[in-house]
């Protein structure tokens with residue numbers, strides 16, 4: 001939300017200072033050329049800043065670059081408005097600038113709204129009905145998007161194509177923390193192994209492959225080109241629940257193991273007591289849950305997971321909550 005106001009302020013400050021130091025008649029060719037030059041220069045500078053972020057570990061954001069440009073347009077409109085004699089024209093440009101700024105706030109406001117839904121929707125945790133819901137998740141390896149295949153709640157499910165690596169995972173970073181009344185953690189999952197995955201398993205030597213992660217939200221239908229894997233091939237998926245007090249992501253978390261076969265839907269149920277007893281040397285703190293993670297062990301190439309209806313079930317209202 002700060003990109004547009006920041007670049008609007010920079011643009012306005014530059015235009016005002018130049019007009020004070022080297023005044024030009026309003027609307028003259030030199031005045032117009034200077035306005036266009038400053039706007040274009042700051043826009044290019046904004047793009048370069050976004051690209052530079054890649055050198056310090058952050059990825060460039062198209063949304064931020066657009067916000068920079070809208071902030072520059074807003075300041076330009078306000079600057080032009082300040083020199084107009086017509087009150088109608090002046091107010092119109094002032095309104096146009098405000099609209100430019102407002103457009104940049106729509107996305108962040110949607111994210112804020114989604115953050116509030118994390119608590120209000122609980123015990124429903126994830127149903128992937130909107131693209132912004134996927135931003136709650138971190139995918140360390142693989143591609144993701146929404147799909148209309150294997151949907152069990154709403155109209156969409158998550159489609160995750162993990163990279164062919166030892167332990168690719170998807171981790172929910174925003175979750176309601178108080179699970180005192182949770183009885184089970186449940187989700188629906190289907191693994192689809194395309195022909196390439198089956199062929200690779202039948203070879204004596206096969207190396208890791210796959211594409212790098214890319215932020216996208218394409219909506220796909222049932223993959224008609226997929227072929228079922230060999231009947232004896234199975235995949236191990238680990239569902240993890242992690243609390244605030246965890247010291248590592250391996251032994252000090254609650255883990256539930258699931259064995260999948262290609263094309264066979266599974267309704268996964270992680271019982272409460274198994275969650276509490278999950279950490280190796282202590283009990284899971286059900287009042288301070290931090291993350292939920294889904295990990296697949298050595299998926300191989302061409303594997304896709306459809307995940308939907310991640311939710312908790314609660315104890316009957318008469319039962320006393322326990323940590």
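Numbering starts at 1 and runs along the chain as displayed.
Each Cβ is built from the backbone N, Cα and C atoms, and glycine gets one as well.
Positions annotated as compositional bias 'Low complexity' by TrEMBL: 211-232.
Under the heading region 'Disordered', TrEMBL lists 200-232.
Per TrEMBL, the feature transmembrane segment maps to 6-23 (among others).
Beyond the ends of the transmembrane segment (35-56), by six or more residues, the same chain brings 3, 7, 10-11, 14-15, 18, 64-65, 68-69, 72-73, 76, 79-80 to within a C-beta distance below 8 angstroms of the stretch. Residues annotated as transmembrane segment in TrEMBL: 35-56 (among others).
For 62-81 (among others), the entry in TrEMBL reads transmembrane segment.
Per TrEMBL, transmembrane segment is recorded for 93-109 (among others). Sequence-distant contacts of the transmembrane segment (93-109) (same chain, at least 6 residues past either end, Cβ-Cβ under 8 Å): 1, 3-5, 8, 63, 66-67, 70-71, 73-78, 80-81, 84.
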